[in-house]
Amino acid sequence: MANIEKTEFHVPAPVSAAGNQKSSLGNADVDARLQSNEGEVETSLRPRSLDEFIGQPKVRDQLNLVLSGAKSRGVAPDHVLLSGPPGLGKTTMAMIIAYELGTSLRMTSGPALERAGDLAAMLSNLMEGDVLFIDEIHRMARPAEEMLYMAMEDFRIDVIVGKGPGATSIPLELAPFTLVGATTRSGMLTGPLRDRFGFTAQMEFYEVEDLTKVVVRAAAVLGVSIDHDAAVEIASRSRGTPRIANRLLRRVRDFAEVNADGHINLAAAQAALVVFDVDEMGLDRLDRAVLEALIKGHGGGPVGINTLALAVGEEPSTVEEVCEPYLVRAGMVTRTGRGRVATATAWRHLGLEPPEGIIGSL
């Protein structure tokens, strides 16, 4: 195994705007192009079929049965609800469903559907067998959600024409379609909406073994040479999340191209992850800030989510949906009726001795 302490790497200083390298692009143009390139790379890393999809074996097998049965009957599959933390493959799975069915995919998000008319316009443009993907479906406005009930059940909607006493309702038949909804907050879905999904699946965090396969596959797609132990190292720091694994791989690739002739070995991976502030547990700056606010600022808790978010300068939803699921899974934070509490594991991770009686202390 490579010894990182014996390997020296050079981290280049950033080039200032006043430096010798000039560009005809403005900062906004550069940012837009970089974001576009990152998006294209992310898309290229997505598996296209169920056979290519790594991990989530139960969801994959169940969904294969649902899709195969529908195709054999020549009908649109039941509507699908995918729930779970961000980055586990919900959007990718929606793309795969459309691919497996050989149909078109239309994509939108809950916050974008503010009015019933917004949804009606999208539904009326669907062709038979199309897949409609609504991300963050729990954030749909109520009028749009109520229109969706009838669309999901009867493949029709009532369009209101006019206002006041003279308003009339015109029924509009829809082509049979499959709705795929994704949510990170399944508890916020209303009962009537949840009940209209014929198949629901909970996406789980990935084990290191499956994440290693994700990293190896992504490296092959990107044309990056990587050692197996380096792939394991990246996977073990990816918080059980493929999206994070792919992102870390790209950052390690950048580091290796500057410092290791483009080849990623264990030492290069470890050094790169230190540079990008990802520790051995996969915690980043925000995760550690949450733990420090909880432990150093409030004695380990309990602390309410709003207070915790204020302490780290983030929205409560960010702390609750991005940081908390992994911190809970890693055994560092527990949720109680009075608020969040840091465990002994969290204290020790910050190099502190946990008080007696704390959860997980000896």
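Using N, Cα and C of the backbone, Cβ positions are placed for all residues, glycine too.
These figures come from a predicted structure and were not determined experimentally.
In the three-state DSSP classification, Tyr206 (ATP binding site) falls within coil. Contacts of Tyr206 (ATP binding site) defined by a Cβ separation under 8 A and a same-chain sequence distance of 6+ are given as Gly55, Leu88, Val214, Ser238, Gly240, Thr241, Pro242, in order along the sequence. Here Swiss-Prot flags Leu45, Arg46, Gly87, Lys90, Thr91, Thr92, Glu153, Asp154, Phe155, Arg196, Tyr206, Arg243 as ATP binding site.
Taken from Swiss-Prot, the feature Mg(2+) binding site covers Thr91, and the record attributes it to sequence analysis. Secondary structure from DSSP puts Thr91 (ATP binding site) in a helix. Listed in sequence order, Met107, Phe133, Asp135, Ala182 are the same-chain residues at least 6 apart in sequence whose CB falls under 8 Å from the CB of Thr91 (ATP binding site).
Here Swiss-Prot flags Arg335, Arg340 as DNA binding site. Secondary structure at Arg335 (DNA binding site), as computed by DSSP, is strand. Within 10 Å of the C-beta of Arg335 (DNA binding site) there are 15 other C-beta atoms, taking all protein chains into account.
Taken from Swiss-Prot, the feature region 'Disordered' covers 1-27.
Taken from Swiss-Prot, the feature region 'Large ATPase domain (RuvB-L)' covers 13-206, and the record attributes it to sequence analysis.
If you look up Swiss-Prot, you'll see 207-277 marked as region 'Small ATPAse domain (RuvB-S)'. Along the region 'Small ATPAse domain (RuvB-S)' (207-277), the predicted structure has mean pLDDT 92.
The region 'Head domain (RuvB-H)' annotation in Swiss-Prot covers 280-362, and the record cites sequence analysis as its basis. Helix, strand and coil counts under DSSP for the region 'Head domain (RuvB-H)' (280-362) come to 39 helix, 9 strand, 35 coil.
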Phe155 (ATP binding site) and Arg335 (DNA binding site), Cα-Cα, nearest whole angstrom:
41
Arg340 (DNA binding site) and Leu45 (ATP binding site), Cα-Cα, nearest whole angstrom:
36
Since the record lists Leu45, Gly87, Glu153, Phe155, Arg340 as binding-site residues, which of them has the fewest other Cβ atoms within 10 Å of its Cβ?
Glu153
